[in-house]
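Annotated in TrEMBL:
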- 160, 161, 162, 208, 209, 210, 211: ATP binding site (BINDING)
Ligand SMILES: Nc1ncnc2c1ncn2[C@@H]1O[C@H](COP(=O)(O)OP(=O)(O)OP(=O)(O)O)[C@@H](O)[C@H]1O
């Protein structure tokens, strides 16, 4: 407890996302938001660059430089790279003399092994104290929902690799679920459609651009075409191709239905008095996927509940973990420290 008020203690919240990593430093706000990519020198195992700088470096770099994306579906897939990435980015965000207390969001239902991996990575990266909390709860706090009140609040965090749905009341989680489905699942569905319907392969950047500029959760009023260069699967040559917005809508619809099914089930299981509050207050969408055209309209139509997109939806989780770690005594029900997670091992 003594360290709690120490001027040398820095409270830090990290959103270790499948697509992007964001860091929130108490008193400074969000100080870093970059793709979760680390460039490493394969000969020495040393990190060379992080985020966009890493992506740029690859274009000019020699053979021994490799790009690593260590997060998969919101959890650590490559532990060694994750702790090096955390250490590297923390060194860019804070002075090393400070005592770091770090909170990271983890998907609902993350196993103790997965939570321990996050904690170990933070300790290895230099944290003196490490905590985890559910991503959905962090999103609700970050989106400024009134989760302290004795009323129901619902958030759907549509990330890249995961969707986290949570119902909160009285600073606690009533129900929550994490799906291994996110905005990257739309990319996968589009890639498969292009291959099967048009025998064309497209790179990830092209598919991302296609999804953002023409993708929609509801049937678009204007059926515009998206033109792109792809590689013919028949002869391997580059060729111009196009896809209509209505096709993207149909392709993405299957993934959206899985998300809707989970949200509907959670609402059905919610105690009626809290469900009534949610009908009144609405569901809040966070995460980059909340920006999908028509996402709020579709969810509202299908669930019969008002839906709002949070301001800066992709920043909600990092703002939430940052806020909770800075006021941890107020949010104890939402946080798990090493003492609880490690004890359960035995
Ligand atoms: N307009 C848009 N339409 C659809 N998807 C979008 C749009 N804008 C951003 N996205 C998607 O949002 C995702 C990134 O969101 P976010 O940063 O919240 O994810 P993350 O935190 O990295 O992932 P996760 O929480 O699953 O670990 C990307 O997959 C991106 O394609």
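Each residue's number is its place along the chain shown, starting with 1.
Cβ coordinates are placed from backbone N, Cα and C, and glycine is handled just like the others.
For the ATP site listed in the record, the two most distant Cα atoms among 160, 161, 162, 208, 209, 210, 211 lie 20 Å apart.
With respect to ligand 1, the binding-site residues 161, 162, 209, 210 contribute 161, 162 as residues with a C-beta closer than 6 angstroms to one of its atoms, given in sequence order. DSSP assigns residue 162 (ATP binding site) to coil, not to a helix or a strand. Annotation for residue 210 (ATP binding site): spatial neighbours 190, 202, 226, 228, 243, 248, criterion Cβ-Cβ under 8 Å with sequence separation of six or more.
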